[in-house]
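Engineer: To start, I am sharing the structure in question, which I have written as structure tokens.
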Amino acid sequence: MSLSLPLPSRSSQIRTLAITPPSRKHKFLQIPLQWTSSRPLQHLHTNHQYYLPRKSFQCMSRSQQQEYEVERLFSNLNQVTLKREPGSLSSSIFLVAGTTIGAGILAIPAVTQESGFLASSVACILCWIFMVTTGLLIAEVNVNTMCELGSGGVSLVSMAKRTLGVAGVQFSCWSYIFIHYALLIAYVARSSDILTNFLGIPLWESATLFSLVFGGICYFGSQRFIGAVNGVLLFGIIISFTSLVVVASGDLHLDALLKVNFAAVPMSIPIIALSFVYQNVVPVLCTNLEGNLSKVRTAIVLGTAIPLGLFLVWDGVILGSISTPEMADKIADPLQQLLSTNGVVGPIIQAFSFLAIGTSYIGFVLGLSDFLADCERTFL
């Protein structure tokens, strides 16, 4: 069974939004007997609009209230053709993976060498489970908030207002803004260093070039184009990472991987946990995937599983190259040791770092765009 709901378009003709059968039952999603006025909402980072009533759907007849199973909460529409353009699950997976993978992955062995590979692997998997759980909870709150407000594009502002109150909104918003702008500045600064070394141009020109190119992609690019660019960058990350692993594993000692020191694990947990930060793009996923929680959960789990695999492989390769405890005591940073012994590693690390910064920058800009749009709807 499918249900068609009348929705207004920009040409004032009546269009319909088909709610098709079901992957999830939304208890909050209800369909009214008479529609209130609807309005188009536009994303800052896409060329799409989606139409929803101002109030939440009410699913009831004159005699009884009924629940309908739906596949999505709304449809992403192209502004020009007004045709539905659903978000791609693969692009969403790449967005999560690209946001999670940062240049900081290369520094993980420096904080895990004392605990050893096996102990640090356990800590890494536990941190991954925790961070996946937090992302799934955010997605649940986000979709339920969409259902209650009858509006897509819900970000941290609406969620905090609904769950934490006025004081919680203020604290959450200022914290979110501070963290995001600080990280974006760090991304631009680091990328400008890499570009300056490669192109031989001044730092300010490198910073401007990076900001214009990647900022322009986020601002002018459609959802599909941004997903395609992010996928290409992620593919480059995997290629450069594979090359780095091949070069670094030339002196691998398997017996060195058996070292276990769980007493040293707590010191590495903060760094490992920060390596799985992606939660800022969860609202973007919920909007791009039209509130389909099943797809959102898949994107979160698979998108974070890719960085988990990279973390474990890199940690094993570097720690496996430290053959004796005496050598481990002498090496403060295994990555610097690798750079000093192999001249090929440097350019590969630079390429990996630049690509990782690019994907993280895209994810944080998209998350910040949704956040600012939600601020505008909430406070203005």
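Note: Cβ is positioned from N, Cα and C throughout, glycine not excepted.
Just lifted these from TrEMBL, have a look:
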- 93-111: transmembrane segment (TRANSMEM)
- 117-143: transmembrane segment (TRANSMEM)
- 164-189: transmembrane segment (TRANSMEM)
- 201-220: transmembrane segment (TRANSMEM)
- 232-250: transmembrane segment (TRANSMEM)
- 256-278: transmembrane segment (TRANSMEM)
- 299-324: transmembrane segment (TRANSMEM)
- 344-368: transmembrane segment (TRANSMEM)
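What does the local environment look like for each feature on the list?
Structural biologist: Counting same-chain residues at least six beyond the ends of the transmembrane segment (164-189), those with a Cβ under 8 angstroms from any Cβ of the stretch are 156-157, 207, 210-211, 280, 357, 360-361, 364-365, 367-368, 371, 375, 378.
Tertiary neighbourhood of the transmembrane segment (201-220): same-chain residues 44-45, 188-189, 191-195, 226, 229, 358, 361-362, 365-366, 369, selected by CB-CB distance under 8 Å and a gap of 6+ residues from either end.
Within its own chain, the transmembrane segment (344-368) has Cβ neighbours under 8 Å at 45, 95-99, 101-103, 105-106, 155, 180, 183-184, 187-188, 190-191, 194-195, 197-198, 214-215, 217-218, 226, 229-230, 233-234, 236-237, 240-241, 243-244, 247-248, 278, 280-281, 283-284, 335, 338, counting only residues six or more beyond its boundaries.
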Engineer: For the transmembrane segment (232-250), which stretch among 93-111, 117-143, 256-278, 299-324 has the most Cβ pairs under 8 A?
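Structural biologist: Comparing 93-111, 117-143, 256-278, 299-324: 299-324 has the most Cβ pairs near the transmembrane segment (232-250).
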Engineer: At a C-beta cut-off of under 8 Å, are there same-chain residues at least 6 beyond the transmembrane segment (117-143) that contact it? List them, or none.
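Structural biologist: Distal contacts: 26, 73, 108, 154-155, 159, 162-163, 256-262, 264-265, 268-269, 272-273, 275-279, 282-283, 285-286, 291, 293, 296-297, 300-301, 304-305, 308, 311-312, 315-316, 319-320.
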Engineer: Cβ under 8 Å to the transmembrane segment (299-324), counting only same-chain residues 6 or more beyond its ends: which ones?
Structural biologist: 89, 92-97, 100-101, 105-106, 108-109, 112-113, 116-117, 120-121, 124-125, 128, 131-132, 135-136, 139, 241, 244-245, 248-249, 251-257, 259, 272, 275-276, 278, 282, 285, 289, 331, 334-335, 338
